[in-house]
Amino acid sequence: MLLALALLLAFLPPASQKSSNLEGRTKSVTRPTGSSAVITCDLPVENAVYTHWYLHQEGKAPQRLLYYDSYNSRVVLESGISREKYHTYASTGKSLKFILENLIERDSGVYYCATWDR
C-alpha cells in the first residue's frame with residue numbers, strides 16, 4: 001500500500017531591499033510515496049538574482065536546501081543535499097520550478113521559496 005505524503009508549500013515572494021513587506025500564499029499538496037512533486041515559485045520581479053528553497057519541519061529550524069543563482073544560471077545545493085532528490089530551474093524570467101523526486105514520509109513539511117531582486 002502506498003502512503004500519502006502531505007506537503008504544505010509556502011511561497012514568500014521577493015522582498016525588495018527598499019521594502020520590508022512580505023506577502024505569502026500557501027498551497028497544500030498530497031502525493032503518494034515514491035512519486036514526485038513540482039512546486040512553482042512566481043517571482044514579482046524578472047530574473048531575481050538569488051532564489052532560495054527551504055524546508056521547515058515541525059519541531060525543527062527551517063533548513064535551506066538549495067538556491068538558484070540566475071546571474072550564472074546555476075544551482076547551489078547545501079552540504080548533504082542530494083542532487084538526485086531536489087532540482088530547480090527557471091521556467092520563465094518570473095517563475096522558478098522546484099522538483100522533489102522519489103518522495104518519502106521524511107519529505108513532509110512546509111517548503112518555502114524566498115528571493116530578492118538585488
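Every residue, even glycine, has its Cβ placed from backbone N, Cα and C.
Noted in Swiss-Prot for the protein shown:
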- 1-17: signal peptide (SIGNAL)
- 18-118: domain 'Ig-like' (DOMAIN)
- Cys41-Cys113: disulfide bond (DISULFID)
Packing count at Cys113 (disulfide bond) (other Cβ atoms within 10 Å of its Cβ): 26
Secondary structure at Cys113 (disulfide bond), reduced by DSSP to three states: strand
